[in-house]
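*Asks:* If you scroll down you'll find the structure; I have some questions about it.
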Amino acid sequence: MEIVFLDRKWIPRSVLLDASVPTNSNVGCPSNGIVSSILSSVPPSVISSSEATLGRHLARRLVQIGVSDVFSVPGDFNLTLLDHLIAEPGLKILAAAMSSTQDTPPTATRGPVASVLASSPSRSAGSVSSTPSPALTARTFLSSVIVGGPNSNDYGTNRILHHTIGLPDFSQEFRCFQTVTCYQAVVNNLEDAHEQIDTAISTALKESKPVYISISCNLPGIPHPTFSREPVPFCLAPKVTNQMGLEAAVEAAAAFLNKAVKPVMVGGPKLRVAKACEAFVELADACGYPVAVMPSAKGLVPECHPRFIGTYWGAVSTAFCAEIVESADSYIFAGPIFNDYSSVGYSLLLKKDKAILVQPERVVIGNGPAFGCILMKDFLKALSKRLKCNTTAYENYHRIYVPEGQPLRSDPKEPLRVNVLFQHIQKMLSSETAVIAETGDSWFNCQKLKLPKGCGYEFQMQYGSIGWSVGATLGYAQAVPNKRVISCIGDGSFQVFPAFSYRVLPSPKFGVNAEQVTAQDVSTMIRCEQRTIIFLINNGGYTIEVEIHDGPYNVIKNWNYTGLVDAIHNGEGKCWTTKVVCEEDLINAIETATGSKKDCFCFIEVIAHKDDTSKELLEWGSRVSAANSRPPNLSKIFPSAAKRTASC
């Protein structure tokens with residue numbers, strides 16, 4: 001989960017908070033099948049009237065749901081609130097160098113990490129700028145709470161405030177967040193503040209989706225009777241499966257799959273939000289089918305599974321994976337998202353009548369029937385008991401499989417090739433590491449990494465945001481301090497602030513924040529004493545955009561990246577940087593980063609040729625380009641003309 005505190009002044013930085021992980025590793029998810037309690041019940045204690053404030057209630061509530069650290073950037077609308085957070089013994093306030101919320105949330109709490117993110121900068125100029133953050137979390141199934149607002153006396157007046165577009169309208173920020181959050185609360189009076197805050201936080205927990213809260217800056221320190229007792233721990237009723245529907249769905253699915261000759265199963269990204277990863281593996285163990293994952297589900301299914309065949313990604317799949325999946329006479333997709341990127345420009349060779357699509361609460365079998373109110377994990381577990389073991393498809397895979405080759409050996413001091421770089425990154429992976437793959441060619445190179453058991457992996461595809469991984473690296477490393485994060489980031493991504501949502505805002509004023517700021521997250525990484533290793537791949541531009549549609553706009557100004565990080569370091573904290581141009585340099589750099597500098601933040605700039613890309617990017621880029629350049633459907637533009645043509 002992510003909680004973001006905002007004030008109008010800043011572009012907020014979402015900050016990952018370490019959390020108390022329940023025994024079932026699911027925040028707000030029932031372990032007993034009946035109720036879900038965030039913490040064990042404790043008798044509510046009476047609070048002295050002077051301390052019965054909104055700010056204290058919020059701080060205590062955050063601790064109660066698992067928050068331990070809060071990253072914040074001060075702004076004039078959140079200073080009083082920050083005072084209350086600082087006063088809470090269970091919270092640790094960590095100052096962030098920049099408040100660019102967008103990039104941290106999407107992945108920092110993926111998989112088993114039951115954590116809470118929080119940041120506390122100023123409201124509208126910053127919080128509207130943070131709109132991409134909940135947009136990303138909404139698509140990757142994380143929760144965020146965003147807090148901050150003007151003085152309550154200003155609501156309903158004709159006053160013009162700073163951090164606005166110059167109109168007496170405080171709702172532009174609210175409207176921006178309506179489309180990317182599942183609940184919005186504007187707290188500008190104390191009478192219903194308790195209800196609004198608790199409703200928002202509980203909704204975030206139940207839905208695993210972002211919520212938006214705005215708290216007027218003059219309210220956090222005012223006592224009110226509704227806050228006179230300690231917050232009662234949440235007890236959230238779980239979602240339950242319709243048993244009759246489950247039985248019917250399992251019976252239909254079993255009949256569909258048991259008659260197939262060579263069925264396969266593919267895991268999708270919604271396995272996570274459905275908390276169905278274990279159930280998926282249980283089904284795989286029982287049925288004998290080959291197991292693949294969609295690209296954005298990499299890391300959700302253990303790659304050490306004996307029948308794991310890799311990533312299914314159409315024409316850019318793991319070798320021999322697409323052939324097995326697309327030649328199957330039936331396939332079960334658990335939690336898929338088929339968009340233009342994951343379908344490689346809508347070029348997947350799948351047939352709906354052969355597919356069982358299992359969504360978090362719905363099952364569709366072929367062209368029908370469909371069953372609702374069925375939880376994915378319940379369906380997969382029940383189905384595992386009804387399927388006949390069928391290893392035919394995996395046996396076919398085993399017969400055609402040819403092991404991958406190795407990159408050509410480099411000549412002494414030969415310029416470093418990207419495939420050689422990832423060959424060495426592969427050797428660094430273990431159960432004590434986690435990989436974060438930035439948008440771009442790292443998508444494809446990291447997909448080819450073989451993840452050891454317990455190795456974390458983060459990959460954000462739905463929003464397709466360039467630059468998200470820098471903040472995600474900060475958040476993930478803070479959430480999982482026992483793992484060393486290895487981030488593969490392009491130079492273009494390192495420079496750019498992910499700001500796609502700015503294009504639709506009501507005023508150009510908000511665009512001033514869409515500047516190159518992701519690199520400033522490094523300052524917070526160093527300040528938090530994180531041990532991350534960043535491989536900055538410097539190839540002079542936006543390589544993924546080049547392969548979709550080339551032009552001069554894809555070339556960027558080159559930075560002295562190691563010099564920039566050294567300047568940010570400024571001799572304070574543990575930081576080590578180096579620049580590599582050949583394999584010998586890379587070997588020495590990795591030995592240092594994993595040896596004498598193992599407790600440092602390590603920044604390794606890799607100089608690569610501008611045309612050195614994976615073959616998968618070349619294929620994917622051409623197909624996505626073709627999808628983007630499809631000519632207009634004239635029947636939609638001129639429907640009457642189309643009808644006349646048809647009649648002729």
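Every residue, even glycine, has its Cβ placed from backbone N, Cα and C.
Values in this document were obtained by computation on a predicted structure and should not be read as measured data.
According to TrEMBL, the record shows the following:
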BINDING   Asp491, Asn539, Gly541  Mg(2+) binding site
COMPBIAS  112-134  compositional bias 'Low complexity'
DOMAIN    250-368  domain 'Thiamine pyrophosphate enzyme central'
REGION    101-134  region 'Disordered'
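How buried are the listed features, and what sits near them?
*Replies:* Annotation for Gly541 (Mg(2+) binding site): same-chain Cβ neighbours under 8 Å, separated by at least 6 residues, are Asp491, Gly492, Asn554, Val555, Ile556, Lys610.
For the domain 'Thiamine pyrophosphate enzyme central' (250-368), DSSP puts the residue distribution at 39 helix, 24 strand, 56 coil.
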*Asks:* What is the set of residues, excluding Asp491, Asn539, Gly541, whose C-beta falls within 8 angstroms of the centroid of the C-beta atoms at the Mg(2+) site?
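*Replies:* After dropping the recorded site residues, what remains is Gly490, Gly492, Ile537, Asn538, Gly540, Tyr542, Thr543, Ile556, Ala608, Lys610.
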*Asks:* Taking the Cβ of each of the binding-site residues and counting other Cβ atoms inside 10 Å, which one has the highest number: Asp491, Asn539?
*Replies:* Asp491
*Asks:* Let me know the model's mean pLDDT on the domain 'Thiamine pyrophosphate enzyme central' (250-368).
*Replies:* 97
